[in-house]
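Submitted below is the structure of interest, expressed as structure tokens.
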Amino acid sequence: MIAPVYSSELSPASTRGFLSSLPEVFINVGILLGYISNYFLAGSGLPSSLNWRVMLGLAAFPALLVGFAVVFMPESPHWLVMKGRFAEAKRVLIRTSSSEEEVELVDSRMNEMVKAISMAELPPSSGFWTELVSVRSKAIRRIVITAVGVNFFMQASGNDAVVYYSPEVFKVAGISSRKQLFGVTVIMGIAKSSFALVSALFLDRFGRRPLLLLGSSGMAVSLALLGLGSKYLDWCEDEKPIWAVVFCVVTVCADVSFFSIGLGPITWVYSSEIFPTRLRAQGSSLAISVNRLVSGVVAMTFLSASETVSFGWMFLGLSGVMVMATTFFYCYLPETKGKTLEEIGVLFEDQDDEHRRLIVS
């Protein structure tokens, strides 16, 4: 929860999309390393009662590295301003500025933060969570719906289940040997990681909306084709055609690649930048809690549901979910590229329909 919030509050507006999407990039790198290390551990000759314990233990090393690095990380300037520590906040802003022009704008950024926080002050009797779910503010309600919606669809897309159970999916597609399963799983991991990095590099150039709409619509098409390919393989009672197996592998890789272009990185970026400063930590935690809850439900039901209705129908159903997601993103999510965190709040304020359409376009 903290990584995207911290990244968005520390980053200049010009590079916030790239820096806030780095957690997703390295999640994918970690998944790929997990595939590779597990393959070698499985063939290492270690007893089966030991090799999975080694697998879990290896995760301690990057955790220790992060724990050590935190000592040298600056505090969020937005949090420092909220606590009245203006001199420290100014030093952090100067330290993290990416150009001389941004250094010259530090004082104006400080003033914007102070103004945004002072305008968001609540009476002592009002809590953070009360404000988040309050019906008094249409802007806050739209922000909550947007953040919760994008996190819901990120996991309702079934991407985590495809990653978790990709060997099972590929087995159903007709790939049975251990080496072949490892090969296609690593190919999927490479595609997923590569496109996450591509999205991060171009997020601040093309904006959030175009890449998100491209990713979600691409997932809808890929999942539909994967569902049709899986159904065709189900109908092949004898030998499964090689072209159909390759087709399913390609559509799985296309699905996870489109996820890495759109929903993967942009969900974290969007969730961490659209909430007002005073509500950002609590709002992001609410959205990401929905994210993890839906992820758990999908992960626990994907295999049993697929056994009941078949993988083909499951993927066709997920394609329908992504059509709904694309519609939601088109209607609800404004563009936030190049805007400061304080300016983004204006996008969700009460406006007439024509002005709102202009902002979305």
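Backbone N, Cα and C define each Cβ position, glycine as well.
Features from TrEMBL:
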- 1-337: domain 'Major facilitator superfamily (MFS) profile' (DOMAIN)
- 25-42: transmembrane segment (TRANSMEM)
- 54-73: transmembrane segment (TRANSMEM)
- 181-203: transmembrane segment (TRANSMEM)
- 210-230: transmembrane segment (TRANSMEM)
- 242-271: transmembrane segment (TRANSMEM)
- 283-305: transmembrane segment (TRANSMEM)
- 311-333: transmembrane segment (TRANSMEM)
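Describe the structural surroundings of these features, if you would.
Confidence over the domain 'Major facilitator superfamily (MFS) profile' (1-337), given as mean pLDDT on the 0 to 100 scale, stands at 81.
Long-range Cβ contacts of the transmembrane segment (54-73) within its own chain (Cβ-Cβ under 8 Å, at least 6 residues beyond either end) map to 30, 37-38, 41, 46.
Note on the transmembrane segment (181-203): residues 17-18, 21-22, 24-25, 27-29, 31-32, 35-36, 39, 163, 166-167, 170-171, 175, 211, 215, 249, 252-253, 256-262, 264-266, 269, 337 of its chain, located 6 or more positions outside it, place their CB under 8 angstroms from a CB of the stretch.
If one looks beyond the transmembrane segment (242-271) by at least 6 residues along the same chain, the residues whose Cβ comes under 8 Å of a Cβ in the stretch are 3-4, 8, 16-17, 20-21, 23-25, 28, 146-147, 150-151, 153-154, 157, 159, 162-163, 166, 169-170, 173-175, 184, 187-188, 191-196, 198-200, 203, 208, 211-216, 218-219, 222-223, 225-226, 229-230, 232-233, 236, 283-284, 287-288, 291, 325, 333, 336.
Proximity of distant same-chain residues to the transmembrane segment (311-333), defined by a Cβ-Cβ separation under 8 Å and at least 6 residues beyond the stretch ends, is recorded for 142, 145-146, 149-150, 153, 156-158, 169, 172, 208-209, 212-213, 216-217, 219-221, 223-224, 226-231, 233-234, 263, 270, 302, 305.
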Which residues of the same chain, at least 6 past either end of the transmembrane segment (210-230), have a Cβ under 8 Å from a Cβ in it?
153, 157-159, 172-173, 199, 202-203, 244, 247-248, 251-252, 254-255, 257-264, 266, 310-319, 322-323, 325-326, 329-330, 333
